[in-house]
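Listed features, source TrEMBL:
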TRANSMEM  A:6-24  transmembrane segment
TRANSMEM  A:62-80  transmembrane segment
TRANSMEM  A:92-113  transmembrane segment
TRANSMEM  A:119-138  transmembrane segment
TRANSMEM  A:150-168  transmembrane segment
TRANSMEM  A:174-199  transmembrane segment
Amino acid sequence: MNIFRLLGDICHLVAIIVLLLKIWKTRSCAGISGKSQILFALVYTTRYVDLFFTYVSLYNSVMKVIFLASSYATLYLIYVKFKATYDFNHDTFRIEFLLIPCVILSLLITHDYSPVELLWTFSIYLEAVAILPQLFMVSKTGEAETITSHYLFALGAYRALYIVNWIYRYYTESFIDGIAVVAGIIQTILYADFFYLYITKVLKGKDFKLPA
Amino acid sequence: KAKPAQKDEL
């Protein structure tokens, strides 16, 4: 473990908590893409299947349980409890256009063909694009609640910090996992224009609005 | 530069 990965995991945890609190406190999931949350739940489910038979550390196991539980709790809030506030008119990204390419790619480019490894590879590719329905929804509505922009910033920062963690591990432990690094860079790049808007607008106290 | 056998990242 290194400080970059720890900060990344904390950002990730903060993002998930901020989203849950936003929906719970405002009793509304307006502006939140349920489709992205479905993809995230799928990412954690396929990535953490080893939760039950490989023990890395208490921290590792606890975080996996938290990510799994919170992602399903978020789905419950969006699609069951506050279903009436779910903005399905704007959450229209065709996630099959993400799922199918990720399945194909994970069969073409993977470290090995064991079921756990294939699921892990699939989850890495899917995580890279899981935010697209949310970013698409924000572009359709042209704006996002400030709390939602904080959620997106923390979520984007988590994988950006993981890239720093991979650079650090490359030089200190000769560790490198090309699949995770390439997908992580793509994932972070997808947030680039959002980061720009967030820093130039939200941090200056303005609303998060896309230029018309 | 290999990748580790065990996945220790979240």
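Cβ atoms here come from the backbone N, Cα and C positions, even for glycine.
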Contact call for the transmembrane segment (A:119-138) against the transmembrane segment (A:174-199), three or more Cβ pairs under 8 Å: yes
Leading stretch by Cβ pairs under 8 Å, where the reference is the transmembrane segment (A:92-113) and the options are A:6-24, A:62-80, A:150-168, A:174-199: A:174-199
Whether the transmembrane segment (A:62-80) meets the transmembrane segment (A:150-168): three or more C-beta pairs under 8 angstroms: no
